[in-house]
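**Student:** Okay, here's the structure, questions in a sec.
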Amino acid sequence: MSQSFNRHRRLRTSKAMREMVKETRLHPSDFIYPIFVVEGLEGKKAVPSMPDVHHVSLDLLKDEVAELVKLGIQSVIVFGIPEEKDDCGTQAYHDHGIVQKAITEIKEHFPEMVVVADTCLCEYTDHGHCGLVKDGVILNDESLELLAQTAVSQAKAGADIIAPSNMMDGFVTVIREALDKEGFVNIPIMSYAVKYSSEFYGPFRDAANSTPQFGDRKTYQMDPANRMEALREAQSDVEEGADFLIVKPSLSYMDIMRDVKNEFTLPLVAYNVSGEYSMVKAAAQNGWIKEKEIVLEILTSMKRAGADLIITYHAKDAAKWLAE
């Protein structure tokens, strides 16, 4: 038989051999776990559209984070659901808002936990949009000041990282200036630089009670059909002072992740969003897929595509599986 071909299978002959030449590895420290803290809630409450994800009360937050620490997960991103909402999202930037209280609670008990604060208005506005609204139009420049106030209040509460997710033009510049003015020059910005207008966000909007009450978010979030626009968005945020770049969603946007990783040297964060999570959970519950294998394959693929960190609701399960 001719020996002119390459025998690639030599490096696949055993589990040990495959492990030796593995190019991409997952570790619990790669994961950022999202937590939904609800004002006025007693105990925990399941999110129906996101199996195994819960709303958590402030008094149970310590136990929730303690579990993450035991699993080796070193970072959380905090979302808050207030009791009261208004057209200006006042509770987003209130010094005693639910997210501010949650951040302080986590840092008091777990000072080494890296707390990322989601900086947006949609969970706090009665209309569900990420900025101020006038005559049905989401106002850009007028919303920036409120976002800056939100970021500063979160930093004062103890946030390690500010993560603005609103997709208003200029948000990184305004937030950076506000943080620096208040003395928070060492607080990094994890920018939702590339955030598409996606139907994969559906379960999250249930969890965060942030579904728009009119229209959609297509005037400020990106068109899923666009690729080059992602690089323009990322470039703007790099120039404005971002320290991390997020691509959201990620499972259907790995080409975008690779483009961004190839173009920029900042740490890249993949957001493995709620719809991606819930599809896997639903299929696994029906016995159509092997959940463990699918989840680890998806997360590995995101890292292979260029992600340095992954925001994922699978974090706890994945950390347990990686420890087996």
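A Cβ is built for glycine as well, from the same backbone N, Cα and C atoms used for every other residue.
Pasting the relevant annotations from Swiss-Prot:
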ACT_SITE  Lys195  active site, schiff-base intermediate with substrate
ACT_SITE  Lys248  active site, schiff-base intermediate with substrate
BINDING   Cys120, Cys122, Cys130  Zn(2+) binding site
BINDING   Arg205, Arg217  5-aminolevulinate 1 binding site
BINDING   Glu233  Mg(2+) binding site
BINDING   Ser274, Tyr313  5-aminolevulinate 2 binding site
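Tell me about the setting of these features in this model.
**Tutor:** Annotation note: Lys195 (active site, schiff-base intermediate with substrate) sits in a strand segment as assigned by DSSP.
Taking a C-beta cut-off of under 8 angstroms and a sequence separation of 6 or more, Lys248 (active site, schiff-base intermediate with substrate) has the following same-chain neighbours: Ser165, Tyr192, Val194, Lys195, Tyr196, Ser198, Ala270, Tyr271, Val273.
Here the Cβ of Cys130 (Zn(2+) binding site) has 27 other Cβ atoms within 10 Å, regardless of which shown protein chain they belong to. Mapped onto three states, the DSSP output places Cys130 (Zn(2+) binding site) in coil.
When secondary structure is read from DSSP and collapsed to three states, Glu233 (Mg(2+) binding site) falls in the helix class. Here Glu233 (Mg(2+) binding site) comes close to Ala193, Val194, Met222: these same-chain residues lie at least six apart in sequence, with C-beta atoms under 8 angstroms from its C-beta.
Within 10 Å of the C-beta of Tyr313 (5-aminolevulinate 2 binding site) we count 26 further C-beta atoms, all protein chains included.
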**Student:** Reduce the DSSP letter at Cys122 (Zn(2+) binding site) to three states and note it down.
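**Tutor:** Assignment for Cys122 (Zn(2+) binding site) reads coil.
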**Student:** Quick check for the class: what is the C-alpha distance, in angstrom and rounded, between Ser274 (5-aminolevulinate 2 binding site) and Cys122 (Zn(2+) binding site)?
**Tutor:** 16
**Student:** Counting Cβ neighbours within 10 Å across all chains shown, tell me which of the binding-site residues Cys120, Cys122 comes out on top.
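**Tutor:** Top count of Cβ atoms within 10 Å goes to Cys120.
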